[in-house]
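Engineer: First the structure, then my questions, so here it is.
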Amino acid sequence: MEKIPLTLSEKIFSKASGKTVKAGDFVTANIDCAMTHDITGPLAVKGFYEIMDGKDQKRVWDPKKIVILFDHQVPADSLNAAQNHILMRKFASEQGILNYDVFEGVCHQVMPEKGHVRPGDLIVGTDSHTCAYGAFGAFSTGLGSTDMAAVLATGKLWFRVPETLRFHVDGKLPKHVCSKDLILHLIGDVGVEGARYQAAEFAGPTVHNMQMPERMTMSNMAIEMGGKAGLIEPDSVTEKYLQERIAGFKLDPYWKSDIDADFSDVRDYDISNLEPQVACPHNVDNVKPVTEVAGTKVDQIFVGSCTNGRFEDVEMMMNAIGNNPIAKNVRLIVVPASRTEYMKVLRAGYVEKLMELGAIVESPCCGPCMGGSFGRLGDGETGLSTSNRNFKGRQGSPNSFVYLCSPETAGASAVTGEITDPREI
Ligand SMILES: CC(C)[C@H](C(=O)O)[C@@H](O)C(=O)O
Ligand code: SF4
């Protein structure tokens, strides 16, 4: 291939299409891995069989490159969900596709955890937060079920190679401020359309000082600024995480943006004085420093989701709670994002402690994040959530209010029963 400066995204699309391509080019790309789940999977399967109609062999392009998971409605919360699970199980078993089935956890946690994500890969999933795997230097993006039907049949999809908007972040994150505060700050700054159809790239010393769980939080929310992907250049931290999950994994230093590549924009941030951030109802870019909303009464606090449902997140929340009781007016719901993360939470003694405090710890799933299986908010109620979206009615009644925050802010607020600056506890 020709040697010209390329962004990470351009490099991945060049590999996937077999020729050197630049932002703005239209390509037909080979997909390295396709993920689908219990809610969006059934329509993709229906579409697949429509494409295959009349053909003798109704086989997917490569069963080894497809992963199915159930996470949004598990355990089945309705007859409809149970029927969807049956349909997906049957499809997986007929086609020989890996199906993690009921209790493995939220797709975006399980995919990297089980070694399905590698730097330089082109990954698609029928879920908007598929951009999360950008944390590993993969170009991963969400698509609709009908596009997925085509991928299941052919293993290919067309793309317009996106421009790259680079966020260069420098400075040490202050105490009690974490990657969730940073990504909320960036989204608040550029707005929900700030990175529309672009590959957002999170770069700079602050990002490279983060461990994988923190990076996953950042990339997960790239879609909330309109990003098609949320890339982070893989480094030794990425390599270590992947070596623990993929036998013989070795990082290829090629998978990074060239220094002289064309970026649509490079935005510089120094976050040494960043305050904890909160996204206020009803949009993710309605971001304010916690001090501006402190004192807002909350009815329910949800700590979980693909954004902040890892062990480290629960630990941050527990540290913020410390030895304090939980406020009487608050229902604290904790949902570790996967079985693996749940077991870490269990071994640390947090499940017992939370139960003693009057909170509940639910089995791994999306939980209240999008008003699924349980934990819906009623009329006039206010929820505080470590997830990624606070759209009107998303967690229950259209007359409820959802604020998004970091696990530490969630923990501090659980103690007081109102939105609380974690630096005050
Ligand atoms: C159900 C699914 C289509 C949806 C998504 O694509 O993101 C969900 O995961 C969400 O977070 O809103
Ligand atoms: S946890 Fe929430 S954001 Fe993540 S996949 Fe599930 S519903 Fe979507």
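Every residue number used here counts from 1 along the chain in the order it is shown.
Just so it is clear, glycine is given a Cβ too, placed from its N, Cα and C backbone atoms.
Note that the coordinates shown come from a computational prediction; the quantities given were computed from them, not determined experimentally.
These came from TrEMBL, pasted as-is:
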BINDING   C306, C366, C369  [4Fe-4S] cluster binding site
Engineer: Counting every protein chain present, what is the number of Cβ atoms, excluding its own, within 10 Å of the Cβ of C366 ([4Fe-4S] cluster binding site)?
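Structural biologist: For C366 ([4Fe-4S] cluster binding site), the 10 Å Cβ neighbour count is 28.
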Engineer: For C369 ([4Fe-4S] cluster binding site), what is the tally of other C-beta atoms lying within 10 angstroms of its C-beta?
Structural biologist: 27
Engineer: Restricting to the chain of C306 ([4Fe-4S] cluster binding site) and a gap of 6 or more, list residues whose Cβ falls under 8 Å of its Cβ, or answer none.
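Structural biologist: Looking at Cβ-Cβ distances below 8 Å from C306 ([4Fe-4S] cluster binding site), excluding near sequence neighbours, one finds V106, C107, H108, Q109, H129, A132, M216, N220, A337, C366, C369, S387, N388.
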Engineer: From the centroid of the CB atoms of C306, C366, C369, the recorded [4Fe-4S] cluster site, which same-chain residues not already listed sit within 8 A by their CB, in sequence order?
Structural biologist: D71, H72, V106, H108, H129, G304, S305, T307, G309, A337, C365, G367, M370, G372, S387, N388
